[in-house]
Amino acid sequence: MEAGNRTGVLEFILLGFSEDPELQSLIFGLFLSMYLVTVLGNLLIILAIIFDSHLHTPMYFFLSNLSLVDICFSTSIVPKMLLSIHTENKAISYMDCLTQVYFSMFFPILDTLLLTAMAYDRFVAICHPLHYTVIMNPHLCGWLVFITWFIGVLTSLLHICLMRHLTFCRDLEIPHFFCELTHILELACSDTFLNWTLIYFMTGVLGVFPLVGILFSYSRIASSIRKMSSSGGKQKAFSTCGSHLSVVSLFYGTGVGVHFTSAVTHSPQKISVASVMYSVVTPMLNPFIYSLRNKDVKGALRRLLNRATSCL
């Protein structure tokens, strides 16, 4: 590797969680289990929505996209880490690292915007039920998902384009289990002012604004629920929002936890553990939240499994 020359950077070293050989086997088994549960759980949600006509509604259309994003997010991180543990090779090429940086930004952006679209869907369903089918028509839902993916692609590409001009002239060891943007910037010896400015700006735009939109939607939803005279109507409204609100709380709670941990501690292990909650545990738990708290999804999963067993 040539110090100070970006084109000479052949690879980075991902230090991971621990150097202890005994812990490596435990970590491998734990992350493999979580990854398989994530893929299987989210895949079942997607198949249930596809094959059950009762779930062909805007809310579950957004949920199927969210499940797909969760599968892709975990796939962009966990398999590489498992391969590194299995082969005992912690090196990752420069281009593979850039690719991982791209997807580690891309999929969380999609998560944020899809959760915001789902909050708007619940707002329209509860606050304007008579106009729901008119407002949340297939054309609008398709455009919302397209805009979500477009913003994710554009923002992530902008970060990568700025990264391509960085030079690295010191130790290229990353104290993390995947290539994360801020850790890469800390290794650069060239000026990273524009990179950090873009990070802070996009965090405000794509982090704070969607959260404000979600909170506004739920403030209106809570106001509408209070005005309902029927206890059955209130219970139904709470049940349709409970799963989404739980996923939002988990997503933003773990996200804030990662940034808070990075700000108050310099321990790579603690930062990595916080990142696991955000990037691995959250995608794994989302299917359980929707399947356990939502009667429609539970019924669809039951019918899907019955259909699968009948075909055997």
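Quick reminder: no glycine exception, Cβ is built from N, Cα and C everywhere.
Feature list (source: TrEMBL):
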- 41-290: domain 'G-protein coupled receptors family 1 profile' (DOMAIN)
- 26-50: transmembrane segment (TRANSMEM)
- 62-82: transmembrane segment (TRANSMEM)
- 102-120: transmembrane segment (TRANSMEM)
- 140-160: transmembrane segment (TRANSMEM)
- 193-216: transmembrane segment (TRANSMEM)
- 237-259: transmembrane segment (TRANSMEM)
- 271-292: transmembrane segment (TRANSMEM)
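Here the transmembrane segment (102-120) has Cβ contacts under 8 Å with residues 59, 62-63, 65-66, 69-70, 72-73, 76-77, 144-145, 147-149, 151-153, 155-157, 159-160, 178-181, 206-207, 210, 213-214, 217-218, 244, 247-248, 251, 255, 279 of the same chain, all six or more residues outside its ends. Here the transmembrane segment (140-160) has Cβ contacts under 8 Å with residues 58, 61-62, 65, 98, 101-103, 105-107, 109-110, 113-114, 117, 181, 195, 198-199, 202, 206 of the same chain, all six or more residues outside its ends.
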